[in-house]
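Peer 1: I'd like to ask some things about the structure below.
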Amino acid sequence: MSDERTFIAIKPDGVQRGLISQILSRFESRGYKLVGIKLVTPTENLLKQHYAEHVEKPFFPKMLAYMTSGPILATVWEGKDVVKQGRVILGATNPLNSAPGTIRGDFALDMGRNVCHGSDSVESAQREIDLWFKKEELVDWKLNQLSWIYE
């Protein structure tokens, strides 16, 4: 069993469209363990830190307005290769390039409303988890089905 963690956020469009349970179930069904979850409306400051590499880009003001337009479900998942596999479960950033069966391939059509965010590396995951969650908000617990998932 791996203790690798990733940050997955269901963006305002995913929350407003009632997709939370379907998205969470994709990760649970795969065998990943949920260790952090909260519904938040992020501040501009938090989003500027989260998307620091995009702050100077022309699309950033529109993205910032969208990401502060409603609640986001912030989650932390744990398990073997969860960062890479989380990206596979989500699908390509541009939903039109996402395969059917992925979250974005099934639920999104527009890159500006692509339902979810997922960490793109182990390092990014740790940075994002630290931004969105306090240490005491993450729960270390035993998933009893682990022996049915891992050798």
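Including glycine, each Cβ sits where the backbone N, Cα and C put it.
Heads up, here are the entries from Swiss-Prot:
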BINDING   Lys11, Phe59, Arg87, Thr93, Arg104, Asn114  ATP binding site
ACT_SITE  His117  active site, pros-phosphohistidine intermediate
Peer 1: Would you find the one among the binding-site residues Thr93, Asn114 whose Cβ has the most company, meaning other Cβ atoms within 10 Å?
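Peer 2: Compared across Thr93, Asn114, the most Cβ atoms within 10 Å surround Asn114.
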Peer 1: Express the distance between the Cα positions of Arg104 (ATP binding site) and His117 (active site, pros-phosphohistidine intermediate) as a whole number of Å.
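Peer 2: With distance taken Cα to Cα, His117 (active site, pros-phosphohistidine intermediate) is 10 Å from Arg104 (ATP binding site).
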Peer 1: Give the sequence-ordered list of residues that share a chain with Lys11 (ATP binding site), lie 6 or more positions from it, and have CB atoms under 8 Å from its CB.
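Peer 2: Correct list: Tyr66, Met67, Ile72, Arg113, Asn114, Val115, Cys116, His117.
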Peer 1: If you count Cβ atoms within 10 Å of each one, which of the recorded positions Arg87, Arg104, His117 comes out on top?
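Peer 2: The most densely surrounded of these recorded positions is Arg104.
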Peer 1: State the count of C-beta atoms found within 10 angstroms of the C-beta of Phe59 (ATP binding site), not counting that atom itself.
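Peer 2: Taking all protein chains shown, Phe59 (ATP binding site) has 10 Cβ neighbours within 10 Å.
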